[in-house]
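In what follows, a structure is listed as structure tokens, so that the remarks can point back to it.
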Amino acid sequence: MPESFEQMWAALAPVGRSGVGGGYFRQPFASAERECHAWFVEQCAARGLRVQSDGNGNTVGWWEHAGASGPAVLTGSHLDSVLDGGAYDGPLGVVSALAAIDLLRERGIHPTRPIGVAAFAEEEGSRFGLACLGSRLAVGSVSADQARALRDRDGVRLEDAMSAQGLEPVLGRSDWLGDVGCYLELHVEQGRDLVDRDVAVGLASSIWPHGRYRFDFDGEANHAGSTAMADRHDPMLTFAMTALAANKQARLSASAAGARATFGRLDVGPNSTNAVPSSVTAWLDARCETEEELAGLVAAIERQGLDRAARDGTTLAVTAESVSPAVLFDTDLTRRLAALGTDRPVIATAAGHDAGVLAVAGIPSAMLFVRNPTGVSHSPAEFAETADCLAGVEALADALAELAS
Ligand code: GLV
Ligand code: MN
Ligand code: MN
Ligand code: MN
């Protein structure tokens, strides 16, 4: 008997629980995240799934029922986390996929198409800065050369990080994706929509366009005691005023759904308490309902940052590190999956997912969301009740039966 959902969840629970706030840090291509991939390989083997590891760090388990052929139905998610993240963002989709296969077998369903379970690498971009790196490499929307240029915060190259974990990096398009006809990702909801509607499971309609932008502020290091306030060229001050401008600008959004602007990561040089800094690098995460609004939001924040830099005698240079377009999930697929349940709201999300990358690459994709009573994500407070997770497994099994038979 393969392990139940609850047993699998309990086995993964201690892995990488090292965040300062009691959360998880499953950094891609480091021990905890690779332990999760090794665990996934064992779980696939226990179910007789054929395991494939590609040169991009992604792992896939295939259920090829006797006689199954044609385009495969792919499901899954990711096993990495943000710094001090929650347990559910990513792993819920992988564990639910394995449990859904068990449920289909219990029900005596014989899929006529192969079903794959994918665990994508570096979905959060927490190490190499580029979200959905594993799926982007797999579909070819990031080239091997672009990936080779990536460095983590300690200067470690992607390929070296992979090799250090015993992987053989072969960066580039993953052959196995060529056999995939559609992708369905189950994910914990990262908001309160399902809580407010009092339903356990919903579907995603779309993903907001979003991007990551590096703001490099430069100024002049000087003594914190002997430098008069009027004599400073303080990039931290320019940054602080730019962060206020970002907050104000996002709140000014004319769209009913609003806009988001977040500075969540900062590098300060030289980072001394008693010195005016010489440099501040800040990363802006911006998200809006439309691409036009996103471009306008970022341009307005940049303009206000430049104005402030001129006043402070500092400089600002902005680099777009990655911009993800608006994603509209496959409407036919979503309609078919909505019809399998009685009350399945279809909601837009401002969070990024591998399903978005696959959708943009032309693979019909859809998403199932499981209610999160806290509404909080990318934090240890992220949660889902076991009963809701099991409802998610059932919904996923129903969907796989519909798509793979
Ligand atoms: C990933 O979860 C993202 O939306 O940043
Ligand atoms: Mn996430
Ligand atoms: Mn996720
Ligand atoms: Mn995500």
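The backbone N, Cα and C atoms fix where each Cβ goes, and this holds for glycine too.
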If TrEMBL gives HIS78, ASP89 as binding Zn(2+) 1, which of HIS110, HIS187, HIS210 does it give for that site as well?
HIS187
For each of ASP89, GLU124, count the other CB atoms within 10 A of its CB; which of these binding-site residues has the top count?
ASP89
Other CB atoms within 10 A, centred on ARG287 (allantoate binding site):
23
Please list, in sequence order, the residues in the chain of HIS78 (Zn(2+) 1 binding site) that are at least six apart in sequence and whose C-beta is under 8 Å away from its C-beta.
GLY90, GLY93, VAL94, ALA119, PHE120, ALA121, GLU122, GLU123, GLU124, GLY134, ASP354
Using DSSP, would you call ASN274 (allantoate binding site) helix, strand or coil?
coil
Taking the Cβ of ASN274 (allantoate binding site) as the centre, how many other Cβ atoms fall within a 10 Å radius?
7
